[in-house]
Amino acid sequence: MFISGYAVVAGAAERLVLGYDSFGNICGQKNTPVEGANLSGLDMTNKKYVFFLDSCSLETQSLKISSLSLCVSSCPQQQLNSLEDLQSFARNNGSFLCVYNLNVSSYTLNPKAAELCPTLPVPPSKSFPLFNRCVPQNPECYSKYASVLISMVNEMDVFHRILSGILAGRDTVIGLSVLALAFSLMLVLAFRFIQPLLIHTLIALVVFGLLFVSGVLWWLHYDYRNDPSTELETEKENVKFLLGYAIFSTIITVVLLSLIFVLRKRLPFAVQLFQIVGKIIGRIPFLLFQPLWTFLILIVFWVFWVAVLLSLGTAGTAQSTSGGQVEYRALSGICYMAWYHFVGLLWTSEFILACQQMVIAGAVVTCYFNRNKNNPPPHPVLSSISVLFCYHLGTAVKGSFLITILRIPRIVLLCLYNILNQKKNAKHLFSCCFCWVCLQKSCLRYFNQHAYTTTAINGTNFCTSAKDAVSILARNSAKLASISCFGDFLLFLGKVFVVCFTVFGGLMAFNYHRELQTWVVPLLLVGFFAYLMSHSFLSVFEVTADAMFLCFAIDMETNDGTAEKPYFVDQELLTFVSQSNKLTEGREHRNTRPFQDNEDGTELQPMV
């Protein structure tokens with residue numbers, strides 16, 4: 001799968017957030033020596049703040065600040081007027097403001113101390129909460145310092161600004177991911193022991209979440225747009241992203257509220273559907289815990305992916321200059337490698353989810369095609385996992401690759417939105433293309449899922465299974481669609497619930513850290529992770545229901561309910577399907593053939 005290798009050295013984004021001195025040492029961690037730089041490779045674990053020796057006269061060019069910088073353990077909170085004050089501050093606070101190779105006892109004795117120590121007087125400063133810099137509090141110095149820092153951040157390319165935002169908000173991203181996990185687990189338990197009140201509560205929470213998140217997004221956009229202190233390029237990007245989020249959220253809210261209103265009368269039907277699915281899940285040991293393993297695998301992969309992304313963004317070569325200082329030069333072509341790496345995120349995530357779907361489908365197929373319902377087959381989940389790894393990994397790879405192929409055009413169309421936004425005809429064309437791609441991806445995901453079930457039944461490859469699944473669905477689409485439509489919609493509302501409340505938590509958390517942080521992109525990443533988590537957990541019900549109905553369709557086509565070829569389906573499911581499709585009323589119609597006959601009349605058996 002597409003997983004990029006680690007870059008050799010850390011650089012721009014990590015150094016920007018954590019801070020680094022003029023000798024190549026990253027503040028707050030241990031460092032490796034750089035050839036030709038005697039003061040590199042120092043242990044800066046306890047020295048987390050960057051201090052500029054001439055903080056009142058900073059100049060920048062090509063992301064380089066002219067003043068010498070050091071890693072210090074604390075910033076001077078009072079003005080220091082002499083070398084004696086510097087010496088006293090170092091001894092009392094353990095924070096050395098002169099170059100590392102100058103001993104504290106030599107501050108007042110060394111004739112070169114004026115060159116190796118900060119320009120006097122040293123203004124009082126405080127540590128900047130986001131980028132770990134000692135920011136001068138003197139109004140004149142602060143104005144100069146802020147203008148230089150703004151200029152430096154604005155000169156960065158978008159890729160590195162995004163990486164700096166991810167690094168700066170990494171703790172918040174992790175916390176929001178845990179919140180999404182908690183919401184997903186709560187919904188799994190709710191759907192497992194579903195009751196009418198729970199469904200009404202879920203719908204009410206989704207409606208509230210959609211309206212509230214849309215309102216908060218519009219409010220934040222208005223607040224940012226009318227904030228006179230908006231100077232940074234990252235803050236201007238936040239305004240644009242917030243507008244896009246607000247429009248998208250409003251459209252989704254209107255569409256979903258309309259669908260909820262139209263389908264409101266089918267709530268009792270949905271309750272009965274999930275009760276049947278819950279009983280099937282209850283018959284298969286440990287099936288409900290399958291998403292936990294998938295979630296752990298996804299977490300490991302996502303952590304690895306983010307680590308590689310940061311390595312790609314911070315890749316650079318350290319080169320020593322005259323005077324023993326160090327400069328970092330970024331590697332060329334890194335931005336193109338980042339796109340390659342992003343495709344790897346989509347494909348690998350879809351592959352992991354496809355493996356889970358095949359395991360669930362295989363377990364459901366094994367239990368469905370079991371004559372003795374009171375004596376289920378032993379270890380159906382483990383059996384399905386072994387069949388997947390021995391025979392059908394290629395099926396999961398192909399299915400996930402097709403989903404990824406359709407995801408990429410959708411992302412490209414989103415990126416082109418800003419370009420086409422001012423042209424009405426082009427904007428209309430964009431909207432049509434985007435809707436077409438989304439529709440194709442949704443249909444492909446639906447058919448992929450049934451292809452996995454057909455593979456579990458017949459043991460055929462992906463292409464053959466997909467063809468068979470399309471054939472079966474084409475013959476029975478009118479009957480099966482009415483059964484699974486509202487159930488899938490309710491599960492989708494569950495996913496929307498998780499994403500809405502996770503994004504709302506992200507909006508509140510990130511809004512407290514506006515300065516120098518492209519937080520809307522980490523927020524988008526959090527929303528993506530929240531959706532994948534909820535999809536991973538709730539797909540147990542979705543895949544179980546779809547596999548059950550596909551098995552039912554094959555059962556009806558293959559068997560006729562006679563003693564020679566009895567149905568595999570139990571009475572409860574048959575009655576439910578018959579009532580929902582108005583096929584029959586009463587037991588006397590049990591032997592009728594509600595689905596199209598199969599010509600050869602052979603009985604399909606699950607692959608074991």
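Note: Cβ is positioned from N, Cα and C throughout, glycine not excepted.
Taken from TrEMBL, the feature region 'Disordered' applies to 584-608.
Same-chain residues lying 6 or more positions outside the transmembrane segment (173-194) and placing a CB less than 8 Å from one of its CB atoms are 166, 202, 271, 274-275, 278, 281, 288, 291, 295, 299, 491, 494, 497-499, 501-502, 505-506, 509, 522, 525-526, 529-530, 533-534, 536-538, 540-541. Under the heading transmembrane segment, TrEMBL lists 173-194 (among others).
For 201-221 (among others), the entry in TrEMBL reads transmembrane segment.
TrEMBL lists 241-262 (among others) with the feature transmembrane segment. Remote same-chain partners of the transmembrane segment (241-262), defined as residues 6 or more beyond its termini with a Cβ less than 8 Å from a stretch Cβ, comprise 203, 206-207, 210-211, 213-214, 217-218, 220-221, 224, 417, 489, 493, 496, 520-521, 524.
Among the features that TrEMBL reports, transmembrane segment is placed at 295-316 (among others).
Annotation comment: TrEMBL describes 351-370 (among others) as transmembrane segment. A Cβ distance under 8 Å defines the sequence-distant neighbours of the transmembrane segment (351-370), meaning residues of its chain 6+ beyond its ends; these are 1, 280, 283-284, 287, 290-291, 294, 297-298, 301, 376-377, 380-381, 383-385, 387-388, 392-393, 395-397, 399-400, 448-449, 452-453, 455-457, 532, 535-536, 539-540, 543-544, 547-548, 551, 555, 568-569, 604-606, 608.
Taken from TrEMBL, the feature transmembrane segment covers 489-510 (among others). Among residues of the same chain six or more beyond the transmembrane segment (489-510), those with a C-beta under 8 A of the stretch's C-beta atoms are 169, 172, 175-176, 179-180, 183-184, 187, 191, 199, 202-203, 205-206, 209-210, 212-213, 216-217, 220, 252, 256, 259-260, 263, 270, 274, 517, 519-520, 522-523, 526-527, 530-531, 533-535, 538, 541-542.
Residues or ranges marked as transmembrane segment in TrEMBL: 516-533 (among others).
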